[in-house]
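Read the structure below first, then the notes.
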Amino acid sequence: MATTATMATSGSARKRLLKEEDMTKVEFETSEEVDVTPTFDTMGLREDLLRGIYAYGFEKPSAIQQRAIKQIIKGRDVIAQSQSGTGKTATFSISVLQCLDIQVRETQALILAPARELAVQIQKGLLTLGDYMNVQCHACIGGTNVGEDIRKLDYGQHVVAGTPGRVFDMIRRRSLRTRAIKMLVLDEADEMLNKGFKEQIYDVYRYLPPATQVVLISATLPHEILEMTNKFMTDPIRILVKRDELTLEGIKQFFVAVEREEWKFDTLCDLYDTLTITQAVIFCNTKRKVDWLTEKMREANFTVSSMHGDMPQKERESIMKEFRSGASRVLISTDVWARGLDVPQVSLIINYDLPNNRELYIHRIGRSGRYGRKGVAINFVKNDDIRILRDIEQYYSTQIDEMPMNVADLI
């Protein structure tokens, strides 16, 4: 909300040790007034939404859902620090759906995300969860036809999920009307700032009604995020995971010493049979490297698919569809894939390049062991990467061992 609020000191926050089976070692540092609601049935949700939640396959709310949904529904501004794989997307999606007046065919909630695929996934999740509610939801993203956006928005959408640039463009054109918006959700806010969306987020915010409720989700809370929460939020509730406790639990992490860049390719070829036991994602730091590696793998007769931010939207969507369905098993990608894209079968991640910043590490690796599934992460480490690897270990209080010969047995 528009008035500035200084965040309460952590002295007033209470540490809670969670007792859920797969969250045993995560400590939440959470505002005093946050209660735990152990079931969806006791959250006071509408019947048609509950049906959608259970039809989706959810049984019991995750730790973040048990704490955040009720607070958001109450209308409180909420800062939730939550890593990938904790059920954060469903947290705000369920809350948004609960707060809609379906009779009113105007945009009532706006969700901003850093990547096009993430916005589309949020939109699809909303439509699935809101299946029995007759909800209208549109993904407003760059790389798609502007005319189609205008047509969909004119038709009337209860919720718009999108990337900041295209959303702001639609607001400026007056196609996206903001007068009925009650809630703004900033998903993966840290990554939106990393991608230089800060100005556009502020631009969008200026067009919203002054009493708009703000929900911010972020894996990390750097200074710029806290500055934003001070500007946008009133007395926010905090639901935070202490940084040192962000869990990489259930994910076995290894490194392979490759000495030089040229040796990585042969190492990957040696591992290919292991990759295809399940589904694997291979991360490179640049689009050029993704294209180069994809071509080189195909020349060596290995089947791989690839994806990065320069590809046309349609192409990226069909690649994701193939990968989700299991038709393709090995995907080479940049970090565009690392944020929030949910493919349950992925249990192996390879960092062909170590990520450029340590926050990205948990986003990449967090893909491979979602909701307590076990996963394996393998990091290719050149001589001059050893320092970065040790830094990641220290930052996350974790251990990354040399890859054993029997790695296939661990997947």
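Glycine is treated like the rest: Cβ placed from N, Cα and C.
These numbers come from a predicted model, not from an experiment.
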Which listed span Swiss-Prot calls motif 'Q motif', if the choices are 38-66, 125-153, 154-182, 241-269: 38-66
Residues flagged as motif 'DEAD box' in Swiss-Prot, choosing from 31-34, 187-190, 235-238: 187-190
Among LYS60, GLY87, THR89, LYS152, LYS314, which are recorded positions, the residue with the most C-beta atoms within 10 angstroms of its C-beta: THR89
Other CB atoms within 10 A, centred on THR163 (phosphothreonine): 24
Spatial neighbour of GLY87 (ATP binding site) that is closest, considering only the recorded positions THR163, LYS314, LYS382 and their CA atoms: THR163
Sequence-remote partners of the motif 'DEAD box' (187-190) [C-beta within less than 8 Å, at least six residues beyond its ends]: 88-89, 92, 111-114, 118, 122, 216-222, 225, 228, 339-340, 359
